[in-house]
Each structure stands twice: as C-alpha cells, then as structure tokens.
Amino acid sequence: MARRNLGSASIVLDEGDPDSGPTDNRSDHGNDHGEWISVDNFNEDNAKPPILTSPRSLEACKMLGIEPTELVRRSLDYFMARAQRGEEPGLTAKRAGRYEKNRQLLLRNVRRQRLELLEAELNGVHGGMSLTTRSYCRSPVSAKLSLYRNDSVTSASDREFTAIEREKKQLERMQVRQAMEMQQMLTFELKMAELIQERERKEREARRQEEMVMKERIKHQREADELKRKKEVAKAEEHRRELERSRKEAQEKHMEMIRKEQREKKEEEMHRRRMQQEEKERMRRQEELRIQNEIYQLAQEREVMEKEKEIAHREEIRRQNLERKKKQKALEISDKQRRNKMRITSVLEDKAMMKEIQTQEYQQKQARSEERRKRFEKERRMREIEARQAALKKQEAIEMVQNQLQTREELRRRKLREAEQEHEQRLRTKEMERMLERKQLKMEEMRHEEERRRVHQRMEEHVEQKKHALLSKAEEKAMVANILQQEKKQLIRSRLHEAKLREEEIKAALLRKQKQDSYRANLLKSRIQTDDERARLLKQQRQNLVRRRMQIKQTADRQKRELMESFYKMKISKKFELPKHLASSLISRPASARSLHTRSLTDETSQKSRPTKRPASAAARSTTAKSATNLDLGNERELGPGSDDDDDVPDDSDDQMRVFRADIDALRRQQNEELLKVLEEEHHAEEQREYMVLQAQDLAERERLETIFNKERTQASERIVQLTQRHEQALASRIRELSR
C-alpha cells in the first residue's frame, strides 16, 4: 500500500491503481508493457479488443454513454465496406468525415470527464463539481476505487465493527455508576427514547419525501426526454416533408420550364410560318408588280411599233413625194440638209433628255419599290388594314407614275409629230436610238432581275441566320436548363445526404442519452440500496442499544428495590448488613464513582424539582434528538479502540482513561442540563402562549397571536439548534484537548 497525504485528507492508492502510472503488477487486460490502457495512451487505429482497460476511462465512457469502439479511428474503406447497396460514394465520404469529427469531440469529452474523476478522487466532492463527477463519487466503481483511501475512513469502519463490543464493556462499567446515576439516566433515557423515535419518524418521512421527489424528478426527466425525442422526431419528419415539398416544387418548376419551352417552340414555329407566309405574300406582290410593269412595257412597245409602222407608212409616202419632187427640190437639198442637221441635233438632244427622264423615273420607281419592301420588312406584323393602306398608297403611286408617264408620252408624241417633218436622217437616227434603247432596257431588266435575285438571296440568308440564331438560342436555353436541373438535383441530393447523416447522428445521440440515463438510474439505485443498508444497520444498532439500556434499567430497578427492601429490613431488624451481591457491588466502586455519586444526587434532586412534562415546541425538533443521540454514541466512538479496559493495560493508563471519561461525562452532563433548562423555558413559554391564545376571543386576534407565536417558535427552534451545534463543537474541542 502506498500512502499520499494531500492537505488534511490521506488517499491510499493500491499498487495496481488505474491511471496512476506504470507499475510491475498489472492485470492481463493491460498492454504488453503492463500498463493500463486509458484514453490518453490507447491506440486510436487499433479496433481489436480490449480497446480500454483503465477503470476510470471505462467509467468516463459509461458516464457519457459512449462505447470504447466509438473512439477508434476508422478509414474510408471501413465505411465503404459497410455501406448499403446502391449508396453513393459521396454520402459514404461525408459519413466518414462526420464520424471523425464526432470521434474527436467524444474523445475530448471522455478525457475531460476522466480528469474530473481524478480531481474528484483527489480533492473530494464539492458544490462546484459537475453533475457527472458528483454522480461518479457515489458510484459503485468509485467506492471500489477509493476503498481504504484515508485513515479516518478506516478508523471509522473499525469503530463500526467494534461498536457492539465497546458498548458491552461500556455498559459493564456503567453498572458501577448505576446506583448514583440511576434516576438521572432513566429520565434522560426516556427523553432520549422519545427524541430518537421522533427523529426516526422524521427520518423515515424525509426519506419517503426524498424518494417521492426523486421518483417525480426521474418521471419528469423521462417525460422531458420523451417530449424532446418526439420533438426531434417531429422535426425530422417536418424536414423530410420539406425536402419532399422542395422536390415536388423542383419537379413542377422543371415541368413548367418544359411546357414554357414547348410554348416558345410553338410560337417560334408559328412566327416562322407567318414570316414565310409574309415572304410569300411579298414575293407575290413583287411578282404582280413585275407583271404589271411588263404589261405596261409591252403596251408601250406596241404603241411604239404602231407608231413606227405609221411613221414608216408616212415615210414611204413622203419618200415617194420626195422622189417626185426630187428634181424640183434638188437645189434646196443643201439647204434642207443643213436644216435637217440642225433638227437632228435638236431631236437627239430631246431624245437624250427623255431617256434621262425615263431612267430617273425608273430609278425613282425602283427606289419606291425598295422603300416599300423595307417598310414591309419592318411592318410585317401589322394588321390587314395597314396592308390595305399600303396597297392603296402603292396604287396611288402607280397611278401617279402612270399619269406622269402618260403626260410625258403625250409630250413625246407632240414632239414626234413635230419631228415627222424632219429629214430621213432623223429616222435612221431614231431607229438607232430605239435599238439602243431596247438594249438598255434589256440590260436594265437583267440588272433589276439580278438585283431581285440578290435581294431574295439576302433575305434567305437573313432568314437562315435568324433560324440558326433561334436554334442556337434554344440549344443554349436547353443547356442552361439542363445545368440548372443538374445543380438542383445535386443540391437536393446533398440535402438528402445531410438529412440522412443528421438523422444518424440524432439516433446515435439518443442512444448515448439512453445509456447515460441507464447509467444514472443504476447509480441512483445503488445509492438508494447503500443508504437503505446503512439505515438498516444504524437502526439495528440503535435497537440493540435501546434493548441493552432497557435491560440495564430493569437491573437498576431491581437493585433499587432490593436496596430499599434491605434498608427496610435493616430498620426493622436493627441489623445493618447488606446482601452479598449488593455489598460486593458497592465495595467494587472506584473513588471516582463516589465523587460522581455526590454530583449525581444533586442533579437528581434538581431534576425532581423540575416538571416532567415535555415541552410541546420541542417535540418536533429532529436536530435536538440527533445531537442528543450523538452525545452518547459519537463521543463514545471518538474515544477509539484505546478506551477498552484490558487486563494487559497498565494502571496509569487506566487511571488516565478514567479521568478522561470523568471529564467527558461531566461536560456532557453539563450540556444536558443546559439543554434541559432551555427546553423547560421553551415549555413554560409555550404554556403561556397557549393560555394567551385561549384568552383571545376574536378570531383575527387569535390569528395574529398565532402568527407571532409561530415566529417565536421558529426562533426558539433555531436557538436550540445553535445550542446543540455549540455543544457538539465544545465536546469535540474538549476531546481533542484531552487527546493531546
């Protein structure tokens, strides 16, 4: 046994004490070096049992509801091997990460709890300790670990084992003093018996109340735990419903997005068809305009041909006339040629001007046609009334152009009629001009046809580009929608994983909570059993003492009667001789007993003059009964085993012990007298209170007096308790002084 003194308390550590360092003698549950496996030195990567062998570490795990296997580090392969079929690797990785995080937290808690156990074992339990440490200090394991830890506990246990034997010897010594202390002891014992009964009744009531409170507390704790569990289950169910609702909303949004895309596709298809229809309508109108222009040109060509025929006919007539008059006008030819040249020059100038005007008109017409086409492009979604207005405007423009052409044609015809009188050189020039005009018209038509073809090609390219843009935009939207859908699915999957892991953590926490509750219930049950056993032993010892005192009382009464009878016989017979057994008992009395005899007679006389009625206010004072009982029993135990009268003890030590006991008995007797005096005063005051209450006629006055008297009774009770405490302190101080 190794002993360490810490302050006033001595702690005894066994050589195989757990968590106290390496020693040579260890159990087979340690490691290869003979050490206990605790939370500070265990292998976190080794899951083979035993993981922990240190009792304090195991006790700390039990107090927190933790299994030692939960403190072992697990690899990712461990969770992959135990994963359910079809479980995602991401969820398994998250579970492994959460396990390691929770393992570190549990390991810190277990180590902190183990340190609290060590501090509680070294320093004792105090009010600032945690609940788990205070529970540990009352646990069976801590009781086993702290067995034989200090000398005071050992001596107390020794005194408990020898209490009965010491009581027997004390009772044998008390028989010597029975003659001089009989009446006082009987009176005192009667009062002590009443106080003990009252105290036992109150202790039983207090234990019953404590058990009821403890049961009620356990019931409330279970109800609170059940309510908390239901709330957690309801919260988990609400979270699951929220996830389900989110999933449904995501599906609905996805379906709505699909329907919206379908509507957009339909609208784009309708728009494309409408554009194609408008393009066809525009092409039809352009074709109609082209046909109208061709018809107009054909009509102009027919008119030109008719005019040419008429001119040719007239030229033929004129040629004949010229041939006929050729000879007559030969002299005038030169002059006519000169005039014809001048006329031809004028006609050519007029022809060029007219051609330029026609070209400008055609360009204006083409510009207006292009402008209408652009306007139709910009206003392709306008209503039918806008189209009709555009058609009316177009018709008005055509009529205006036709009127202008008609006016110009009339002017041209007038000029042609004027030119018919010109020379035949003008006709040849005009023929050449017509040929050139036809060629130019054909070239212009070809240019316009090429322009229309390029415009149509540009329109087709524009439509194709727009189509490609719409298709690329639709593909981009589909890709974005797919990405968003994948992100939402990933988010929902992550939330489901988090909820599943949270549910697993909640289940593990509930399981640890159940283990903690079971551990605390076992501790409470062990404490109740220990208290019951202690109460049973104390009750049995008290019963034995009361029974022994009753036997002593009966013996004292019998001896007293025999003594009185002997005195009576001596008075009658005039022979002053005592019975042999009484004479031997009187002869064997020590000198200290004779000195105490005189004091006891004085006490007996004073006690006989006092009232024997027990004060009513002191009847319910459990503290007084407890202190009075401790004066008899506690002081006897304070004397220790050295108070026994053995045959081998020298006479000097026997005399010192007698003087020691005489002083203690004197102090105890003085304290009892002081306590009885206080009780008598309180009894007298209680009688006066009862008298005053009976004299009061008014109910309000009686209630007022009762209130005042209750306060006085409380103050008296506190005074008695304080007096008892002072007596105990004085007695303990006196014993320490005499022990020195």
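Residue 1 is the first one shown; counting continues down the chain.
Any Cβ shown, glycine's included, is placed from N, Cα and C.
Taken from TrEMBL as is:
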- 535-562: coiled coil (COILED)
- 25-35: compositional bias 'Basic and acidic residues' (COMPBIAS)
- 367-381: compositional bias 'Basic and acidic residues' (COMPBIAS)
- 614-629: compositional bias 'Low complexity' (COMPBIAS)
- 643-654: compositional bias 'Acidic residues' (COMPBIAS)
- 1-53: region 'Disordered' (REGION)
- 222-257: region 'Disordered' (REGION)
- 262-281: region 'Disordered' (REGION)
- 359-381: region 'Disordered' (REGION)
- 588-654: region 'Disordered' (REGION)
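The coiled coil (535-562) scores a mean pLDDT of 75 in the predicted structure. Within its own chain, the region 'Disordered' (359-381) is flanked in space by residues 274-275, 278, 282, 286, 289, 390, 394, 397, 401, 404-405, 444, 448, 455, which lie at least six positions past its ends and keep a Cβ under 8 Å from the stretch. According to DSSP, the secondary structure content of the compositional bias 'Basic and acidic residues' (367-381) in residues is 12 helix, 0 strand, 3 coil.
Here the region 'Disordered' (262-281) has Cβ contacts under 8 Å with residues 376, 380-381, 459, 463, 467, 470, 474 of the same chain, all six or more residues outside its ends. Taking H, G and I as helix, E and B as strand and the rest as coil, DSSP gives the region 'Disordered' (262-281) the counts 20 helix, 0 strand, 0 coil.
With DSSP states grouped into helix (H, G, I), strand (E, B) and coil, the region 'Disordered' (222-257) comes out at 36 helix, 0 strand, 0 coil.
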